[in-house]
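K.L.:
Pasting a structure here, questions to come.
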Amino acid sequence: MAIKPQPQWQRRLASVLLWGSTIYLLVNLLAPALFRSQPPQVPYSLFIDQVEGDKVASVYVGQNEIRYQLKPEAEDEGKEKAAEGQILRTTPIFDLELPKRLEAKGIEFAAAPPAKNSWFGTLLSWVIPPLIFVGIWSFFLNRNNNGAPGGALAFTKSKAKVYVEGDSTKVTFDDVAGVEEAKTELSEVVDFLKFPQRYTALGAKIPKGVLLVGPPGTGKTLLAKAAAGEAGVPFFIISGSEFVELFVGAGAARVRDLFEQAKKQAPCIVFIDELDAIGKSRASGAFMGGNDEREQTLNQLLTEMDGFSAAGATVIVLAATNRPETLDPALLRPGRFDRQVLVDRPDLAGRLKILEIYAKKIKLDKEVELKNIATRTPGFAGADLANLVNEAALLAARNKQDSVTEADFREAIERVVAGLEKKSRVLSDKEKKIVAYHEVGHALVGAVMPGGGQVAKISIVPRGMAALGYTLQMPTEDRFLLNESELRDQIATLLGGRAAEEIVFDSITTGAANDLQRATDLAEQMVTTYGMSKVLGPLAYDKGQQNNFLGQGMGNPRRMVSDDTAKEIDLEVKEIVEQGHNQALAILEHNRDLLEAIAEKILEKEVIEGEELHHLLGQVQAPGTLVV
């Protein structure tokens, strides 16, 4: 859907008037100088000779010019005298004797009268300066308001973009995949906009507002555009941050202007992206004082959304946020945002549908199995998958291929997950050997401990900012629940790299820093969040945060606990991590020969994957006394 063009007739009329006035002024100023004839210019010496020769009749002496008229000459004595003499001009010089010469010859002379300004020039002298001042003032006003019409009050106008139906870029529900539940909820809104009588006949009321919540990149904005495209109604889109302005009251004025425009074009949809920019709870301390600009904007939004219609037509408000926990409760009450629709990351089937949509836009090789790509991308949102397809196409173009292959997709996945290959980062032979054993340690422990997923690739090619190598584990299915045993398996797999360094080199390096951090965090969550402690029992010591789609940041705050309880938590976390470490050591000691063989092979090839890797890892044996 394209942006609806703004009417331009006012600007065109102003341009015509401006150019017409400019041309008129230029003609009046330049025409006299261009078309008025000037007397011939002569040297001052010739002028003196003519005065001495008694040929001059009269002289007008000016500051910058002397004009004089010659005496008429008689052709013959029986004929009339010729017409008046010729008028000439010359440039004066400092000559104090000139008046005496003129008087001695009896020549009439006088000072030239001062030039008189015309009525037009007088008018310009009064009009032009104020016009210049007004023009400069208008220029800076328009510059501060990005050229928007409305002059000094333009900042009170809504900055919403209006999308209308009718072009090839129209978005429908067919362009959205992986969020079937959200599509179903919005389909009801679309159906009401198309056939309102079906609902009003039963006394039903459509929700006045629908709030789309979910992680970034899951398609909330795309869903709102698709809803407007399916309904075939005008679609107003604006970001929450565009309401807030430096001027006090501008945000509230823009809210009023937005809803006034929406009422005029009803039925329509108003979409407010990033609602948390103006909808934060007033009780959270986010506002500094009762007259804060954001609070005024929120109050105006609450007022406008409290049930409004335009001549029986409907205006529906859609909004999107990834921080619903920060929104004001008054904004979420029934009658304003009646529904909250979760737009979550897609599952395997959803990822496959999204890949099929974006794969239509590129030249795909016939051998590509999109289901394999969907399986290798757990946790990817719609925007991540779109970027993945584009990265694969760019890689194919870089390699001058005719189509995009599955190898391009695998490389694109690794670029997104682990970062770019750093082939220019040269490691010493010793460091390269340490990295090789470290990554093989992860792989061998992961092959015995299935809780972390299937090992798909081992690489010692540096990637990203810090990774000197990596072991890629891919889940075989979408998982939503993990048991205690699987979490312990993940901890043991994370510590497999450090365990391999201890066994082979009898020392440890800084390469396991991230592994230790992740293992400790996971063990702490087992104790404080999931209640997986035999000593502390089924208690949660973390204050959970619901609907936190942006990640945990600094982590959930811990409840107030006694010193003894805090000590028990630390001991339990330490015991879980140490147990995982011992499991990793036992597995690698039991498979020491295989560890050496795979490490030598990866030092030669740098990358092992596919059937070769599966064959090697299939030889791993679990020790008989493995502690679980």
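Placed from the backbone N, Cα and C atoms, the Cβ positions cover glycine too.
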K.L.:
Where Swiss-Prot shows HIS438, HIS442 binding Zn(2+), which of ASP384, ASP506, ASP515 is named for the same site?
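P.N.:
Matched candidate out of ASP384, ASP506, ASP515, per Swiss-Prot for Zn(2+) with HIS438, HIS442: ASP515.
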K.L.:
If you count Cβ atoms within 10 Å of the Cβ of PRO215 (ATP binding site), leaving out that atom itself, what do you get?
P.N.:
18
K.L.:
Could you say whether, by DSSP, GLY214 (ATP binding site) belongs to a helix, a strand or a coil region?
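P.N.:
The three-state answer is coil.
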K.L.:
Check the binding-site residues THR218, THR221 for other C-beta atoms within 10 angstroms of each C-beta and report the one with the most.
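P.N.:
Of the binding-site residues THR218, THR221, the highest Cβ count within 10 Å belongs to THR218.
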K.L.:
For the recorded positions GLU439, ASP515, which one has its C-beta crowded by the most other C-beta atoms within 10 angstroms?
P.N.:
GLU439
K.L.:
Could you tell me the mean pLDDT the prediction assigns to the topological domain 'Lumenal' (36-119)?
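P.N.:
It averages 74.
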K.L.:
What's the CA-CA gap between THR218 (ATP binding site) and ASP515 (Zn(2+) binding site) in angstrom, rounded?
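P.N.:
So the Cα of ASP515 (Zn(2+) binding site) lies 29 Å away from that of THR218 (ATP binding site).
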K.L.:
Around the Zn(2+) site formed by HIS438, HIS442, ASP515, which additional residues qualify by having Cβ within 8 Å of the site's Cβ center?
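P.N.:
Neighbours within 8 Å of the Cβ centroid, excluding HIS438, HIS442, ASP515: GLU439, GLY441, THR471, LEU494, LEU495, GLY496, GLY497, ARG498, ALA500, GLY511, ALA512.
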K.L.:
Using only C-alpha positions, which one of HIS438, GLU439, HIS442, ASP515 is spatially nearest PRO216 (ATP binding site)? These are the recorded positions in the record.
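P.N.:
Considering only the listed recorded positions, the nearest one is ASP515.
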